[in-house]
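> Below you will find the structure I want to go over with you.
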Amino acid sequence: MRIALVATLVLTSGIANADEGQWQPYQMPSIADKLSERGIDIPAEKLADLTSYPMNAVVGLGYCTASFVSPQGLVVTNHHCAYKAIQYNTKQEHNYLEQGFLATSMDKEPSAGPNERLYITEAVTDVTKDVTKELSQDPLTRYEEIQNNSKALIKNCEVDDNYRCNVRSFHNGLEYYLIKQLMIRDVRLVYAPPESVGGYGGDIDNYEYPRHSGDFAFLRAYVGKDGKPAAYAEDNIPYKPKSYLKVNADGVKAGDGVFVAGYPGTTSRYNLTSELKFASDWLYPTQAKRYQLQIDTINAMGQEDADIAIKYAGNMASMANRMKKLNGLLAGFKATDIIGIKQSREDNFLAWLKQNPKLNQNLIAELEVLLAEQQQVFQSNYYFTNAQSSTLLTAANSLYRLAKEKQKSDAEREIGYQERDLAMFSSRLKRIDSSFHVDVDKTLWQQDLRAYLAQPNRIAALDDALDLNNKETNLEAKLDGLYSLTTLTDQAQRLAWMDADTTTFETSTDPFIRLAVALYDTNMAQEKAEKILDGKLSTARPDYMAAVIEYYKANNWPVYPDANGTLRISYGMVDGYQSRDALYKQPFTRLDGIVAKHTGAEPYNAPQKLLDAISEQRFGDHLVKSVYQDPRGWICRLFSCLDKPEEFNSVPVNFLSSVDTTGGNSGSPVFNGKGELVGLNFDSTYEAITKDWFFNPTITRAVHVDIRYILWMMDKVDHADNLIKELDLVRN
């Protein structure tokens, strides 16, 4: 182990537990001392203020995170987050996935796609009392009242089409917050390196370390000439954000405090052990089996047809990522006995509960009954749900549901089918063409139907509609007939169905429309049963969470909500880790590692211009002499250090930190202690995958693209001089 890191390692071991938490911004003042311990000097009150720097420069993509980095609406995120935008503009004659893309001027920036959005969170308001006031004890009525109260709040919040508001549940329904976001509807592609840079190492390196991935890309936000959000138009102008991030060209060193801000998707840290067992024993293995079959199928078909390979590139990347995460979760459950750890903590909670007789002693028992029912319902519906996986059937189901919902007043409609939702509804129908191929869709659907036929939970409506009980039925021929007779493969026809009434649907001869009509009552009955169960859980889960929070506080453990796709902040330090016996992983990787991994074949096929820049040592002022702390600093007055920090003499490519992240944090800006951009979050280590269920500070590490690699790529490899000029570059 490097002597230069001894001090850092000692420091880490002392306060590692402090790094846990995906905190709501308003909570930051309560952990100000923790931030200070990490060397994060930006005032905690500033991080709680969504209207000022740096928080108002952090934006959501709906599935990833990004940030403004110029006064002209330039946005930086991960390459894999911009993947569908790159794919949308990729054709066989100009394959931007393979070749990369750089717009040398704003007039050359193409649309990222009809349903790409940027969301800027402007306000987060506690509306718990408004959502939960005077709720019925009847489960279905209770569920509907929560929904209706939420819809009323959303309607009052969305003062015009420029804003998107949502009510989100926190702590499993114990709290509710109204999220108000400015929505940018014209997003354009600006710059993306080739996939052989942005995804260097591919699925082999995914969730692994050391990494050498240039997982970055640039988009731009556009608005109408009046400065307000507008749909795509050629004469739209760049959006001028209220703030944009300072970019620190000197980056960070080992031991430096860092924090990330972003939109983490889902974690399950407060869930019961029985839920973890269900995921481990049935859900994850079942999902992994299906993903693997789909990946193998699309990969084989893509090798025969370049159009398929391009259209399904985004889906393949997403499925491969999910597949590796599932396998990592399953391996991690066995390697670290997380089930045992969770059960032990649950047992301790029950013991504490007995010492607090004023609290409901049956909290877990009551919740377990409902969870068992929920798992049974999920299992029984799983194969029927997948049996409707055809893209065209999914569209038909949604379109018929829209016609049904339009029979109600807008306030009574389900979320997703209100007037506020129709623009995005239309965009999704348009976007189908960019990631759809009849042969692939039909093959995947046939696989799901065969899996459905092989299990006992059969649905009469589906069996009758497709004649599945008839042993003489040739499933392949049956599906060929459906696809050959439908008009839903045509975008104009799909969009026209948005204006059709229920009678038009019910008298249609289109086979997918007819199938959607036939399945509607069954789908609605299942949805109603799920709502009733959700209504029951909306009482049991908050009661459980209230007691758990009290228990956590009694133990002086961090209390923060599970991730739910809303804006959060996590902090930590730049740090390596002991991945297994005698194997310590250093916090930084170098350009040399790209060359060492290069084979010329995917996924280690670095572009020649990148290899040339490395071999010719065209580093410029991006060369970093050392990524370790100066031994003359205070830390080395306490510990024995080398006379000089160990030499690095390269450009840092990726680095590790102990920040707490999960899916959705991809693209999150990584800040130094001053609140300046020093990298982008893009992955986690394989050992850390199980952090969605249980946070282990010893091995939990996030993987980031170093800003110095991004700037070097822009400067010395791709010559994105026009973009470099836009950035507000600072140095230490």
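Cβ atoms are placed via backbone N, Cα and C, with glycine included.
Annotation source Swiss-Prot lists signal peptide at 1-18. Taken from Swiss-Prot, the feature active site, charge relay system covers His80, Asp215, Ser666.
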> Which whole-number value in Å describes the distance between the Cα atoms of His80 (active site, charge relay system) and Asp215 (active site, charge relay system)?
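If we compare the Cα positions of His80 (active site, charge relay system) and Asp215 (active site, charge relay system), the gap is 7 Å.
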> Roughly how many angstrom lie between the C-alpha atoms of Ser666 (active site, charge relay system) and Asp215 (active site, charge relay system)?
10
> Would you mind checking how many other C-beta atoms are within 10 angstroms of the C-beta on Asp215 (active site, charge relay system)?
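Excluding its own Cβ, the number within 10 Å is 29.
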> Within 10 Å of the Cβ of Ser666 (active site, charge relay system), how many other Cβ atoms can be counted across all chains shown?
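Step by step: centre on the Cβ of Ser666 (active site, charge relay system), count other Cβ atoms within 10 Å, giving 27.
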